[in-house]
Every structure is written in structure tokens, then in C-alpha cells.
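Input: a single structure, listed below in C-alpha cells.
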Amino acid sequence: MQELQVDNHRCTLCGKCISACFYDALEMDDRKLLSHDTCTLCGMCIDICPEAALAISKIKMNDMNKAEWNGILVYVEHDQGEIHPITYELIGKALELAKVVCYKVYCLFIGYRIAEKAKILMHYEVEQVFMYDHASFKYYKEDIYTNAFEDCIKNHLKPSIVLIGGTEIGKSLAPSIATRFHTGLTADCTELKIRENSDLVQIRPAFGGNIMAQIITENHRPQFATVRYKVMSEAEPQLQLRDNLLQCSIEDEKLKSKIEILGVNDLAKTESISDAKILVVVGQGFQRKEDLSLAQELADLLNGKVASSRTLVEKGWMPYEKQIGLSGKTVKPEIIITCGVSGSIQFISGMKGSKNIIAINTDINSPIFKIAHQPICGDLYEILPRLIKKIKSGSGKD
Ligand SMILES: Cc1cc2nc3c(=O)[nH]c(=O)nc-3n(C[C@H](O)[C@H](O)[C@H](O)COP(=O)(O)OP(=O)(O)OC[C@H]3O[C@@H](n4cnc5c(N)ncnc54)[C@H](O)[C@@H]3O)c2cc1C
């Protein structure tokens, strides 16, 4: 672990470093220069100091007492209080990990007028829900959400592990809070395991999906990880209601954000492919963009959505938000019908959890057939029109 060190014998209190710091991490107090936890070790102050009074030094972490850090904290992702389903996936995984090392699972819910929604969490096997409910948290603002997160970890719980959804908000909040504790963060994990000594094994694809990297934060706590949506199984709610809500607060100073929201425009809500129950997936087997209407027609008949492999996104035939795979979205639908998709490792890593995989491909040796429950070896230009016709006629038989 590293930290900013001030040599107060050299420092002349000129204040140049204070003005240079983007993060307000330096302060003069009692005729001394002090650095705060908001320091990101960017080094700007070191470069500007005329007296070379600042330096980044390594702190020996051999003395880190892992036993002081206990439990798993799950960040509750939400939109105006509506809890995102990834939260239940994180709780599910946290409960599984907690059993191995006899930890308890906790939740952190930051927002405005969230008390009613927080009650939903009382149905889960969660020891305590730390709730920061304040008008300043009405909209997500990275700086003050991080302040509340930091307060929770410093004043209420010293968690060994913190799990955050790999969503847009999670990807902004996780690095911000991990930096405050100068500890490790692994982004976009697709699997998590735990060792008996409480080290979290954070597993994610690396090198274009050719290997699964296992990342460990051996010398620091907490261990932060963001987790991909739709890769873990949701926790089951219980009938028993727990009295586990704890209202928390932070100082007014920490509620002051540098971010000003000038206006909010609601985006038209479209169902993400990650939430669809039925998906028809198009791949390079399609010869012309116009032919994709075949897949759309089938998806409409089945009340499903059309998704894509990366090749058609790269061609500009499909939008990026429809891409499945390592560099796209992870999906876990009831039924997935892949049409002209070969089944590269990068594609499969984003859909292998699907319940029923139906694959249409002309090549009997294509890798998609290794994971397909219903392999159909044939030309999509013959099979899709026949399928559509049969569904329309209501027969379903060939
Ligand atoms: C770092 C990195 C990240 C990546 N991320 C992703 C990702 O997130 N998602 C992703 O999809 N890819 C990703 N890729 C690309 C990936 O490696 C493949 O290139 C891609 O998945 C192939 O797409 P495809 O299956 O549509 O095309 P192809 O591999 O070209 O397969 C086309 C298939 O269609 C079949 N076919 C042809 N004609 C017909 C027909 N008439 N009827 C039926 N079948 C037919 C062929 O037999 C073939 O199997 C990534 C690559 C890298 C390096």
C-alpha cells in the first residue's frame, strides 16, 4: 500500500500543492500540511512542490490484520429507489461466499425516500441494511455517494469484501470508493470464490477471453469487486421479516457535491437484452442487412428480442446495446435461438448460462453446437422461414 508523505521540515507552507490538488486532499492545519483520504496519489502536488517536501512512500502491509475486517457488504443499486435486480444476484453470491468463512452479509442503500423500498431487503438473509436517506442523494452523484459509502465502512462496518454491480453506476462508484481506501478493485468479475483466509478470488476473462484471470487482493482490505449482471443466481427472499434497517447519516459538509444537476431527461425505457426471456441472435451467417427482418419476425412471434454477435455490430447492422459477449452484455434467457453464429469463446462467455440454447448453423463442427441443447444443422435462410410459417399456422410441427 502507498501513501502521500509530507516532510514537514522541508515544507514552507507555500500552499502551491493545495491549489494544484484536484481532489481537495490537502489542507493546512495547525501550521502543518495534512493529506486526506481523498488523495488518489496522482502526484500533481509532488511535481509542483518547490521544496521536494512531498513523496509517495510504501507502507508495509505485513501487519495487516485481516481478522479486523469482517463480513460482506453489498451495494444496493437502484433507480429512484427501484432496486436493480443485480442487487439480489450480489446478495445471492455474498451468502454463498459468507458460508465458507462464517461471515455475515450486509447491504448499503444510499438514496432519497428509500425507506419503503429498503423494506424489501428485510426479506433477505442480510444482517443489517445501512440506509443513507437524504434529499442530497436524490440523483446519483459520485462524490457524495462515495462520502456516504466511506462513512459506512469507517463508522459502521469494516467489511472484508465489498460487492458492487458492474453497471454504469457501479463502474463509476467502485473505483471512487476503492481509491479512498487505497485498496484493490477487480472490475467485471464473472465468478467469485473465497479462500479460508478470507482472500477473495476474483475471476474474470482476460486477454480477449482466452484465459480466466484469478485476481487476489492479498495485502489489503476491503477487497472490492464489481460483478457482471446476469452471471450470478439471485438470492431467494424469505417469508421471515428481519428488523435489520439502520438509518445512518453523515455530516452536512460531506453532503455538498461539486456536481450540479441542471436537468433530467427520462430515456425511453427499452427492455435490455439482459432482461429478455426469449432472444433470437443474429450472426455473420446473415448475408444482407435486410435479411435481419427474418430474425425480427421470429422474435416478434415469440414475444422475444433480437440480439447480435459482435461481427454485425462492427458492420453497423446492429446497435452495440444488442451485442452479446465478453465485450457486450451477458444474457441468461429461458430460450436463446442463435442463427448463423459460430460460437466463439467471447460470444459464449456472454450467454452460456441460458436455459435452452437452440443453434442454427450450416457447419456441423461449429463450436456453438458443443453447448447447444437443440442443434439444428442447416441453412438459416431455409429454417427461419419454415419456423415462422409453422408458428403462424399454429401447428409447430414440420
Ligand atoms: C477482445 C475480443 C472481444 C470480443 N468480444 C466479442 C463479443 O462480446 N461478442 C461476440 O460475438 N464476439 C466477440 N468477439 C469476436 C469473436 O471472436 C468472433 O469473431 C465473433 O463472435 C464471430 O461472430 P459470428 O459468430 O457472428 O461470425 P462467424 O464466426 O463468422 O460465424 C458465422 C457462422 O455462421 C455460419 N453460417 C454461415 N452461413 C450460414 C447460413 N446460411 N445459415 C446458418 N449458418 C450459417 C457459419 O458456419 C459460421 O459458423 C471478440 C473478439 C475479441 C478479440
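Glycine is no exception: its Cβ is also placed from the backbone N, Cα and C atoms.
In TrEMBL this protein carries:
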- 2-31: domain '4Fe-4S ferredoxin-type' (DOMAIN)
- 34-59: domain '4Fe-4S ferredoxin-type' (DOMAIN)
- Ser309, Arg310, Gln323, Ile324, Gly325, Leu326, Ser327, Asn361: FAD binding site (BINDING)
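Taking all protein chains in view, 31 other C-beta atoms sit within 10 angstroms of the C-beta of Ser309 (FAD binding site). The binding-site residues considered are Ile324, Leu326; of these, Leu326 has the fewest other C-beta atoms within 10 angstroms of its C-beta. Counting other Cβ atoms within 10 Å of each Cβ, the lowest count among the binding-site residues Gln323, Ser327, Asn361 belongs to Ser327. DSSP classifies Arg310 (FAD binding site) as helix under the three-state reduction. Counting only residues at least six positions away in the same chain, the Cβ atoms of Gln323, Gly325, Ser327, Gly328, Gln346, Phe347 sit under 8 Å from the Cβ of Arg310 (FAD binding site).
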